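Record features, source TrEMBL:
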BINDING   C82, C87, H164, H169  Zn(2+) binding site
Amino acid sequence: MSIALKQVFNKDKTFRPKRKFEPGTQRFELHKKAQVSLSSGVDLRAAVALPHGEDLNDWVAMHVVDFFNRINLIYGTVCEFCTEKSCPVMSGGPRYEYRWQDDHKYKKPTALPAPKYMNLLMDWIEVQINNEDIFPTSMGIPFPKNFTQICKKIICRLFRVFVHVYIHHFDRMILMGAEAHVNTCYKHFYYFSTELNLIDRKELEPLRPTGLVSSRG
């Protein structure tokens, strides 16, 4: 990342605290390998493929946490412009509206202002990735049987952050000169999610017109 982009994407603008990989863990080593591949300029399609001999769940877990950190950072740069007045509904343009639902306060899909939706979304993801029963960090502790389904839900909801940022706040990214970085992050997210079938193709429709990815994926 260039010095200019580091000034844009600084830790003070992170929407939520980053989740770090503990040194010495398998996920930490996987993350280092993945970052080396990305920084070497390798094709993003190749970068998301499961490395030979590695555990699929560990690979998915590492990426889910990494995408949470990256998207958290991206939204953090525009969150001051994403207000209940500017974004009274969490949406991706007039055709796509996202309603929040959880197992607590919002048991039915509920329309919410974008910043409130984002807060609930990031809180919810933090709970999942910090739960050792779902994202175990110690060797020998198995992943739950529904791990893939949980990750699919996280990926689906993180994608909606991209949609909202692209449709409603991308002008800010352009003004900051950060659009290339955001585009690369999105393409990485897209290729990983589709390569491992972690997102329904219908969910991807809001960003088809951007031309960031082909209709064939």
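Any Cβ shown, glycine's included, is placed from N, Cα and C.
Owing to the predicted nature of the structure, the values given are computational and were not obtained by experimental measurement.
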Least crowded of the binding-site residues H164, H169, counting other Cβ atoms within 10 Å of each Cβ, is H169
Not counting C82, C87, H164, H169, residues with a CB within 8 A of the CB centroid of the Zn(2+) site are V78, F81, S86, A114, P115, M118, V165, H168
Comparing local Cβ density (other Cβ atoms within 10 Å) for the binding-site residues C82, C87 points to C82
